[in-house]
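Contents: one structure, followed by commentary.
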Amino acid sequence: MRNELGFVRIGCVTPELKLADVGTNADSIIRSAFSAAAEGCDIIVYPELSITGYTCADLFHQKLIQTKVIDELLRIAEETSELDSYIATGLPVYHESRLYNAAVLIYQGCILGIVPKTYIPNYGEFYEHRWFSSGSEVFSDNIVIEGSEIPFGTDLVFKSDRGFSLGMELCEDMWAPVPPSVRKSLAGAEIILNLSASNELAGKADYRRGLIEKLSGQQLGIYAYCSSGIFESTTDTVFGGHRIIAENGKILAESGRFDTAEGITVADVDIGFIAHERGRNKTFSDCAAVELGDRNEIIFRSIELETGNDIEQGMELKPRNLMRFLDARPFVPASADSREYRCREIFMIQSAGLASRLRHIGCSKVVIGLSGGLDSTLALLVCIEAFKSLGLNKKGIICITMPGFGTTGRTRGNAEMLCEKLGLGLETVEITPAVRQHFNDIGHDESVRNITYENSQARERTQILMDKANQTGGIVIGTGDLSEQAMGWSTYNGDHMSMYAVNTGVPKTLVRFLVEYYIEHIAEAETAAVLADINATPISPELLPPDEDGNIAQKTEDNIGPYELHDFFLFQVVRCGFEPKKVLFLAEAAFNSSYDRETIQKWLKLFYHRFFSQQFKRSCVPDGPKVGTIALSPRADWRMPSDASVAMWLKELD
């Protein structure tokens with residue numbers, strides 16, 4: 001492990017080779033291992049039978065190959081002994097009157113263990129049973145090479161003192177109904193290496209990619225796949241050199257195919273994230289108990305890998321050289337097609353949740369406060385879709401705009417125009433007189449524009465909405481979003497409260513894209529123009545007076561920082577469980593061209609401060625639908641004491 005943040009760099013290499021020329025192939029492996037190590041790879045993976053080539057066929061039975069391949073294995077180990085990298089390569093191994101197709105793990109001159117292939121394909125273009133036996137037929141636990149006993153078998157899990165464990169399987173093993181990697185993962189292997197020789201067929205690469213994604217996701221782990229390339233025989237088949245590194249269901253890195261030279265695919269995998277996922281997913285541990293039970297020590301041998309302290313542990317990992325895609329907007333799909341699908345699905349979840357609640361309570365009216373801002377606009381659009389699905393008259397959507405001290409002409413005008421274009425009525429209730437009366441009642445000086453000044457307006461608006469709901473027999477629709485919940489950016493018992501909160505699972509960075517989706521796929525042209533202007537309006541609660549030109553003066557992101565940062569922090573802290581220094585590191589990597597370290601650190605400290613201090617608001621929130629992997633409802637996803645101390649988290653950022 002190159003650093004204390006939990007990243008391990010894996011390099012999958014498809015080397016040049018000459019069939020049956022084990023000396024030349026060993027040279028190629030040694031040379032490429034040094035190149036991969038120079039790129040900082042902790043683990044270097046080669047294809048199946050990479051010392052001989054996969055397509056040697058009956059030559060595998062030649063005594064010369066069986067003998068020389070061990071000589072070259074020892075030479076590879078010796079000549080890479082100065083490297084601080086684990087090397088996994090493939091070779092045929094003759095043992096106890098059987099020949100095995102095996103993977104071997106090497107580190108600093110030592111052969112750490114050998115894993116034979118379990119499932120030997122003998123169909124279609126594959127005839128491996130002609131040469132190789134299954135690893136399930138191994139009778140002894142060790143093999144003697146040059147006088148040393150080497151662990152040998154399909155039951156090996158390698159445990160490194162650098163904080164990770166790995167298992168190995170070979171090609172066809174992955175395609176079996178129950179791959180060996182499943183139990184190895186349950187036994188603790190966070191990383192699975194697959195040494196493969198998979199020929200190319202039309203459509204096969206897509207299937208292979210999907211299979212690797214599924215395996216890494218199902219096993220809550222990392223799957224590094226490395227296949228042989230075009231240097232194999234093309235007598236009847238062609239090998240493309242496909243290389244894939246996947247983590248928890250996502251492809252981190254993937255090669256092209258049919259390269260005419262040696263190729264390497266590199267990615268930094270996150271052991272810390274895998275540990276978090278397995279720790280919080282009790283189904284994983286339950287499955288381990290069912291599949292392994294008390295037999296774990298019998299089924300698997302744990303091979304301890306000690307790297308020692310005399311070797312410097314590679315290059316220091318900096319945010320700028322992190323070798324993995326890091327999305328600065330983790331809640332927003334990067335591709336347009338994925339984004340469209342996600343937005344459509346979220347709209348369906350939100351509107352279905354509201355429709356179900358209305359149906360259950362026998363209600364045909366909703367009351368919503370419209371500010372002309374993004375959140376209330378999205379909530380209104382959800383109401384419209386819910387009413388459509390129920391076949392309700394949209395006159396039951398009671399819209400109220402409540403101008404106050406900070407309301408601008410732009411937002412008020414957009415609220416009015418939006419209702420007009422949507423064919424909805426809009427009631428206007430000026431809150432200024434009532435709030436001034438309230439100031440007088442409690443003895444507050446209107447010129448003192450503090451938290452009392454702001455919250456009085458928010459609570460007055462909520463009171464109006466609640467009373468209107470009672471008057472009309474409707475329910476109040478909450479408009480606040482997930483990011484505001486995380487930051488506590490709401491007035492307790494003001495906009496914090498409603499009767500059903502449709503945006504509760506939607507982060508701020510996604511709200512804009514949901515409105516854009518509505519513009520592009522649902523809205524008519526005139527409505528779309530209004531929505532586009534709302535999308536372009538600065539985020540603001542409008543609780544302080546406008547500037548002298550009548551524009552919004554109180555901009556939320558000026559006060560609490562950019563929401564794109566806070567949503568990123570929210571994802572890393574809640575979804576991934578990362579510590580502050582890792583969140584800071586990842587934010588630097590994701591936003592390296594937008595914010596410097598000091599700016600990120602400043603807002604991250606504020607995030608932690610507000611996330612902890614505002615939990616009391618989240619302990620009392622209305623119902624609302626979860627739409628993604630993160631939700632902060634105290635009844636479901638997030639349970640946290642309101643009086644927890646943030647001191648330890650802030651201290652780590654000092």
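Glycine residues also receive a Cβ, built from the backbone N, Cα and C atoms like all the rest.
All protein chains shown were included, and the count of other CB atoms within 10 Å of the CB of Glu48 (active site, proton acceptor) stands at 25. Positions annotated as active site, proton acceptor by TrEMBL: Glu48.
Annotation note: Lys117 (active site, for glutaminase activity) sits in a coil segment as assigned by DSSP. Taken from TrEMBL, the feature active site, for glutaminase activity covers Lys117.
Per TrEMBL, the feature active site, nucleophile maps to Cys171. With a cut-off of 8 Å between CB atoms and residues at least 6 apart in sequence, the same chain places Glu48, Lys117, Pro121, Asn194, Leu195, Ser196, Ala197, Ser198, Ser227 near Cys171 (active site, nucleophile), listed in sequence order.
Marked as ATP binding site by TrEMBL: Gly369, Leu370, Ser371, Gly372, Gly373, Leu374, Asp375, Ser376, Thr479. Using a 10 Å radius centred on the Cβ of Ser371 (ATP binding site) and all shown protein chains, the other Cβ atoms total 26. Look at Ser371 (ATP binding site): DSSP puts it in coil.
Under the heading deamido-NAD(+) binding site, TrEMBL lists Asn455, Glu484, Trp489, Ser490, Thr491, Tyr492, Lys617. Around the Cβ of Tyr492 (deamido-NAD(+) binding site), a 10 Å sphere holds 15 further Cβ atoms from the protein chains shown.
If you look up TrEMBL, you'll see 8-271 marked as domain 'CN hydrolase'.
Thr491 (deamido-NAD(+) binding site) falls within neither a helix nor a strand when secondary structure is assigned with DSSP, and so counts as coil.
Secondary structure from DSSP puts Lys617 (deamido-NAD(+) binding site) in a helix. Across all of the domain 'CN hydrolase' (8-271), the predicted model scores a mean pLDDT of 96. Comparing Cα positions, Asp375 (ATP binding site) lies closest to Thr491 out of the binding-site residues Asn455, Thr491, Lys617. Here the CA atom of Thr479 (ATP binding site) lies 15 Å from the CA atom of Lys617 (deamido-NAD(+) binding site). Residue pairs drawn from Asn455, Glu484, Trp489, Ser490, Thr491, Tyr492, Lys617, the listed deamido-NAD(+) binders, are separated by up to 15 Å at the Cα level. The least crowded of the binding-site residues Asp375, Glu484, judged by other CB atoms within 10 A of its own CB, is Asp375. The two recorded residues, Tyr492 (deamido-NAD(+) binding site) and Gly373 (ATP binding site), have Cα atoms 20 Å apart. Distance noted between the C-alpha atoms of Ser371 (ATP binding site) and Thr491 (deamido-NAD(+) binding site) is 15 Å.
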